[in-house]
Amino acid sequence: MRASGQGPQRRRRGWATRDDSAVTFRDPQPRQPAGGARALRGPDPRGPARAHQAGPLLAGARRSQHMVGGAPPRPAETGCSRSRMTQKNSKLCARANVYTQVPDGGWGWAVAVSFFFVEVFTYGIIKSFGVFFNDLMDSFDESNSKISWIISICVFVLTFTAPLSTVLSNRFGHRLVVMAGGLLISLGMITASFSQRVYHMYISIGVISGLGYCFSFLPTVTILSQYFDKRRSVVTAVASTGECFAVFAFAPAITALKEHIGWRYSLLFVGLLQLNIMVCGALLRPIIIQGPGQSPKAVTLEPRREVQYMLENEKTRTSIDSIDSGVELTTSPKNVPSEAKMEQETRAEQQQTLVTAPKHSQMKAPLLDFSVLKEKSFICYALFGLFATLGFFAPSLYIIPLGISLGIDPDRAAFLLSTMAIAEVFGRIGAGFVLNREPIRKIYIELICVILLTASLFAFTFATEFWGLMLCSVFFGSMVGTIGGTHIPMLAEDDVVGIEKMSSAAGVYVFIQSISGLAGPPLAGLLVDQSKIYSRAFYSCAAGMCLAAVCLALVRPCKKGLCQNSHSGENQTDRQRGKALQDIPEDFLEMDLGKCEHRAHMKMDPV
């Protein structure tokens, strides 16, 4: 905007203030009693009107500098300017990224790296916890099933508190929630290293660290899915390999570390490493994406016109010309800014309006949308996750005890877990590239992998020596990698709920998994305690995967409407029409009832 009609126009960022007739923007710098450091910059290119705003002291200093021929100092040379630049840069780093469409890159690559290390210090540690099982049984003199409850409670809290994680992320942002989760994880693991009873670990690792795992993992994978569209499958699959590399590295490393410093100090060391999750959470910048059919100009002008209409409600005259044709607004031209002026303000403050407009809509959005439970396709997919969780954690926990029970050396048994992790890496990456192809229906690929995973779980019960377990571990790792890296991002696909409901659907989906997460490892441990055979633990995993395959096969038919009655579409259309009528503001429109009645009489007259 120009000052006194002089000088070239300069685009500036600022806060918007609105009065009855115009929209002005003020400088976002701190208030100063007399013009501030801007008065030291010399002649203002926007004219003398700006110079008169400076105080007499600073204005006199500026005149004296021009009299002696000295150039005014740069803003960077003053301490006040440096502090303002630091504050500006910090606000820029904390500001949300605004895109007109899904970027498929940009800052999303930093988010992908953060998700990789979050996977390392969350699920990587959970899957590597099996190396402590024999030490905990000897130290606490407890049975296998009671030790299994540590991970069971942890997984239960991780999944049960998923809706809470979604609500907190929508309320306070993903970054703050993930950083708080990293602190809780480290606190619980460090506290567990001083435990004297097994139930102490139920609270420290099970409850405290389990809550931290939920706060760290779910918001990270949710915001990563928002940064990518076409590359979502491959990026998520590659980033999720962090847990695989963690298992490959941590299993032999922790085993060797225990021999030198004991299991307690090893657990303390792991807890300190998990503080890095707070660094990963600091990189999660929020993202705002406009509607797919809106141009920047349309998104910018619409909120401004809406505010203008609200401020000038008494000066606006509207009427309903016809019941069938909808609502027609008739507004006085003097109350609407000119098109040239509107475009001029649009170009100058496009970024500020794009940032503030979505926030206005987000304030009205629910913190947790339970409407996903009305979709039968989501219910079937949630049941798939419920039964599949039985087979996710137990094999990694019992593969080392199974190898030791068959007479395999403990070091070679730990190598089985590392081999499983490496195979999982290739499974995740391969699934990412396969699912990234457009013609492929992704949910069918996942169904095939679930069936093959069920077969691999049954194969563990027939292995009797090292190479048989090695073959089963490779096959199981590759299949669980394809499922583990895609089952949550699959919610963003149109076959389930779509990207719009991804955040709420992920919270509800993981919450439903909590039941099997609590019952899975203890059920496997109970079978081991009764039979004294570790291979029996894989029967419950295989049975759960069979039921998961059946539920997953029903997702696509439910989405296509084959499982719905014929009247569901009509009822949904009626509800949408009723909602559209309720959204019309009553105090905004002044209905011309006389005009409507006149047209109604005209229609009733015979021709």
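Note: Cβ is positioned from N, Cα and C throughout, glycine not excepted.
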Could you tell me whether Swiss-Prot assigns Arg197 and Asp369 to the same side of the membrane? no
Residue carrying phosphoserine as stated in Swiss-Prot, selected out of Ser21, Ser90, Ser169, Ser325: Ser325
Labelled phosphoserine in Swiss-Prot - which residue from Ser139, Ser322, Ser361 would that be? Ser322
According to Swiss-Prot, which residue among Ser81, Ser143, Ser319, Ser338 is annotated as phosphoserine? Ser319
Mean per-residue pLDDT in the topological domain 'Cytoplasmic' (168-175) works out to 89
Which residues of the chain, 6 or more past the ends of the transmembrane segment (508-528), have a CB below 8 A from one of its CBs? 143-149, 151-153, 155-163, 214, 218, 368, 370, 372-373, 378, 381-383, 385-394, 397-398, 488, 491, 534, 536-541, 544
Is the transmembrane segment (384-404) in contact with the transmembrane segment (443-463), using at least 3 Cβ pairs under 8 Å (sequence separation of 6 or more) as the test? yes
For a three-state summary based on DSSP, what are the helix, strand and coil counts in the topological domain 'Extracellular' (197-202)? 5 helix, 0 strand, 1 coil
Out of 203-223, 234-254, 269-289, 466-486, 537-557, which stretch has the largest tally of CB pairs under 8 angstroms to the transmembrane segment (176-196)? 203-223
Quick check: do the transmembrane segment (466-486) and the transmembrane segment (415-435) share at least 3 Cβ pairs under 8 Å, counting only pairs 6+ apart in sequence? yes
Contact between the transmembrane segment (415-435) and the transmembrane segment (203-223) is defined here as three or more C-beta pairs under 8 Å separated by at least 6 residues; is that satisfied? no
